[in-house]
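**Student:** Quick one: the structure is below, and I'll ask about it shortly.
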Amino acid sequence: MAKNYDSVEFPYCDEVSKYERLAKIGQGTFGEVFKAKHRQTGKKVALKKVLMENEKEGFPITALREIKILQLLKHENVVNLIEICRTKISPTANQYNRCKGTIFLVFDFCEHDLAGLLSNAHVKFTLSEIKKVMQMLLNGLYYIHRNKILHRDMKAANVLITRDGVLKLADFGLARAFSLAKNSQPNKYTNRVVTLWYRPPELLLGERDYGPPIDLWGAGCIMAEMWTRSPIMQGNTEQHQLTLISQLCGSITPEVWPNVDKYELYQKLELPKGQKRKVKERLKAYVKDLYALDLIDKLLVLDPAQRIDSDDALNHDFFWSDPMPSDLKNMLSTHNQSMFEYLAPPRRRGGHMPQQPANQARNPAATNQSEFDRVF
């Protein structure tokens, strides 16, 4: 697949006026996302506007990369790119500005994102439903990694869920193809990827020759969040994020992570010493299932070479013990409104460890979001 990566072309673009915009559902550095419907068929879609203002040399490389990748990836658990549209080109356009129209990526519409669902205290996931969410998420990662693509921005807001309960990995704006290092020459990918709270320790230490384990760390953060209802490590800076990781996963040392001292930043940063690994201990107040705790623990391994991959994760006992994964459709059918992070109140953050849940007998997956602040 990687061989075909640079040869993909996208065909003639229709005008975006064929769609009627209904509501804005997303905003970020990438641009805006709108819910829309096809004027003739009524089909609901999501329109992702490509920001062009700062592009002096033509079409943004990040958008081009996203389009090429999404044309190659076709899987039930990956968002589907329908087409690329543009605004009407001015009749006065010439050879120099004929491409200045706004470009939109058109996707199948998904009613929710996971961050929006977790922000709503009325949305209660059972253990079976959490298993289904994580099974679909890991299936999506298995597929993209098998096809030599890294997502590089795993977070709850980039996990979409349809009204029928089908999960879709979304926002491939930071994604890229990867390959094994050639002729002993390491890859030199940018490490300025992945939202800080979900960024793995190898990227924070400056690694540029990385691979699928960076996405699995994000999957571990998301899995824990299914119970805590908010991101588990909310650092303010890269140094702070590494400190939070050390406090949860244990001190970063060559004993637990061979050759970690090769990183220049490892010598420069003041990392916490003498920290014990406490992933299971800190999460057991929220996560009562022992298999779930064990899988989170294996996903949040400091050394990327020892971190569990998507194939082994899908074969973990968590997915093959009672209660088995169950469909989300019935639970979602009780919620008529779409839920997106952009439309939800700001996710709370604070500087202290929250109190233990008051009622331990209650299902931790169904605990009211208002009881928690930052977890770690």
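Yeah, the Cβs are placed from backbone N, Cα and C, and that goes for glycine too.
Got these off Swiss-Prot a minute ago, pasting:
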{"type": "ACT_SITE", "residues": "Asp153", "note": "active site, proton acceptor"}
{"type": "BINDING", "residues": "Ile25, Gly26, Gln27, Gly28, Thr29, Phe30, Gly31, Glu32, Val33, Lys48", "note": "ATP binding site"}
{"type": "COMPBIAS", "residues": "354-369", "note": "compositional bias 'Low complexity'"}
{"type": "DOMAIN", "residues": "19-319", "note": "domain 'Protein kinase'"}
{"type": "REGION", "residues": "345-376", "note": "region 'Disordered'"}
**Student:** Roughly how many angstrom lie between the C-alpha atoms of Gly31 (ATP binding site) and Asp153 (active site, proton acceptor)?
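**Tutor:** Given the Cα positions, Gly31 (ATP binding site) is 16 Å from Asp153 (active site, proton acceptor).
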**Student:** Quick one: pull the CA-CA distance for Val33 (ATP binding site) versus Asp153 (active site, proton acceptor), whole Å only.
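**Tutor:** The Cα atom of Val33 (ATP binding site) is 17 Å away from the Cα atom of Asp153 (active site, proton acceptor).
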**Student:** On the three-state reduction of DSSP, what should I expect for Asp153 (active site, proton acceptor)?
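**Tutor:** Assignment for Asp153 (active site, proton acceptor) reads coil.
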**Student:** What whole-number Å value do you get for the CA-CA distance of Ile25 (ATP binding site) and Asp153 (active site, proton acceptor)?
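**Tutor:** Cα to Cα, Ile25 (ATP binding site) and Asp153 (active site, proton acceptor) are separated by 19 Å.
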**Student:** Would you kindly give the Cα-Cα distance separating Asp153 (active site, proton acceptor) and Gln27 (ATP binding site), rounded to the nearest Å?
**Tutor:** 15
**Student:** Compute the average pLDDT of the predicted model within the domain 'Protein kinase' (19-319).
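**Tutor:** Its mean pLDDT is 92.
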**Student:** Using a 10 Å cut-off, grab the number of neighbouring Cβ atoms around the Cβ of Gln27 (ATP binding site), all chains included.
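**Tutor:** I count 12 other Cβ atoms within 10 Å of it.
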